[in-house]
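**Q** Quick paste of what TrEMBL says about this protein:
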TRANSMEM  47-72  transmembrane segment
REGION    83-102  region 'Disordered'
COMPBIAS  84-93  compositional bias 'Acidic residues'
TRANSMEM  107-130  transmembrane segment
TRANSMEM  274-295  transmembrane segment
TRANSMEM  302-321  transmembrane segment
TRANSMEM  452-473  transmembrane segment
REGION    483-515  region 'Disordered'
COMPBIAS  485-496  compositional bias 'Acidic residues'
REGION    531-591  region 'Disordered'
COMPBIAS  566-591  compositional bias 'Polar residues'
Amino acid sequence: MAAIETVPNYTPSVWVRLCHAIPRLDLTLQTRDSVFTPDSWEYQQTLLVLSSFSAIALVLSLLVILSFLIHYCCCHRGEGGRDAEEEEEDDDASGGHGYSGKKGRGICCVTWVSVAAVTLCCVAIGIGFYGNSEANDGMYQLTSSLLTANYTLASIDLLVSDTVAGLQQSVSGPLTSLEDVFGGHKPALVPTRSCRRLSERVVSILSNLTLGRGLIPIGDGFYRANGSESIVGALTPAPPSVATTLSPSANSIPAPFSPGWAANTLMVNEDYRWLSYVLLLLLDLVVCFFILLGLAKQARWLLILMTVLAWLALFLSWGSLGLETATVVALSDFCFDPNTFVLNSTHFNSRTSTEILDYYLNCGRKMSSPFQQILTQSQRALSSIHSHLSSLERDALPRFPKAEKSLREVQQILNTTEGNFHQLVALLNCRGLNKDYVDSLKGLCYDGMEGLLYLSLYSFLSALAFTAILCSLPGAWRSFHRDSDEYEDSDSESEDPFTSHQARRPTATGSQRGALPPFYSYQGAGWTPPFSSAPPLPTPNVSSNGNPGYENLPLSDRQSPPPSYSPSMLTGYGASQSHPNPSHSRNLYSH
């Protein structure tokens, strides 16, 4: 593979290979290649076609949900009377809990389908949180590598500018003073003029030490060409807070690629992306939690509200899947062969030669630096300047003591220049920038790619889960809203906290048992008490379990309620009934 041969220490992952091998079709359904060219309209069409599959899946989900809604609304409309008749029989057979028989099995089926869909959604949410974290880690590694490369380029720019400024200062200051001191002495004047010429040559060589033509910032995102400026200044533009506010001129050109600008832009966009996914995941989590709560509490209003949010989550899931599909495919095309895009893109090589880019992107041991000749010439010139200054110090300084101060200043500038030059040679080596390049590729193509794949899986699973939820929730409403009404009616009919719902239910219906007879009914002299399920009233002279009187019986032995009545209460109640035989009430306690 080209990507494996051209980028040391980097190998495209299996996921990159699989996604890169996906066939590409444009809007006219013609096959296109998989070369990463984001500015090409043909390549953009292939991404649109791949994203359209999520739109097709959304339409299919809507059709499935619509078919279930039609099934619940139309096919079951004529079964309302039959369900009302079978409801009592199912409740009596189930002991009041309403979950046996045909209807009970249907309720359980609908409920468990909803619970299974919510569980699938929770699994998808967990995958989404992991994928969002992985993608964020990959982008963090990418931006860190870009910032490190930007710092390296800024250091190169600083060293070059300091070296050039120091040599120019030496030419215009101490060397000019030495020429004035040695004016009539030719053996001392010749080395001094040689130092001036060599310093001007080093300044000219380092000024040409560029990755291309330098650019001067003149506005927001626009630069002016300047052949005497270092390209590193163009690669590390000034921050927006200190940039000058100037209107672009006619010869303004767009700024080339800058690692610092790219890192800042990616960090801002990544913050928004990470926050958007966190909010989407929290929305799905809240919807799943309250759907379970609504099913447990049988709160119809809560399920209606969650159904509305589930519709929103469904559209967001399929929409995010389409966006993630296009991003994953485009990223796989770039990661499969990144050097090809970098070398061919006008944003990179418009101000940088291909030879220099190839040197830093590949960084092979057998590759020679494109700056080798320039650095060698500069090193030789600095060595010659140092030799001339040593000869002046040895031969001319004893005869011209006034030249000592200027000579020491030139030597100090030369020492600083040589120190900066050695640091410049180390920074221009390809190992540092190539390591930053490979680290950025690994962060983007390993962690970033893996995170996007997990996010795509999350979007797909959550879309399926919300489709199942929207199909099953109408059945859940139909299954438990009548039971909720019955509980509300029975609770309003009785305020006795000690009477259970099953004990109040027959009283509320009253369709299978007749009304109980009055407590006393007299049919003449041969009256007998009517049949009653209450225990017989004991006589005042009989004790139960050794305790005198009925009032001392334990509550479990009396089978309470109904409450007991004292003899005086019964005597008063019998006297108020106008019986033809007054002695009849006394016979009640004589047996």
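Residue numbers in this text run from 1 along the chain shown.
From the backbone N, Cα and C atoms, a Cβ is placed for every residue, glycine too.
Give me the lay of the land around each of these features.
**A** Away from its own ends, the transmembrane segment (47-72) comes close to residues 22, 24-27, 314-315, 318-319, 321-323, 325-326, 329-330, 463, 467, 470-471, 474-475, 478 of its chain (Cβ-Cβ under 8 Å, at least six residues beyond either end).
Residues 54-55, 57-58, 61, 280, 283-284, 286-287, 290-291, 293-295, 455-456, 459-460, 462-463, 466-467, 469-470, 473, 476-477 of the same chain sit 6 or more residues outside the transmembrane segment (302-321) yet have a Cβ under 8 Å from a Cβ within it.
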**Q** Below 8 angstroms Cβ to Cβ, which residues of this chain, lying six or more residues outside the transmembrane segment (274-295), approach it?
**A** 111, 114-115, 118, 121-122, 124-125, 128-129, 132, 135-136, 302-303, 305-306, 309-310, 312-313, 316-317, 320, 455, 458, 462, 466, 469, 473, 476
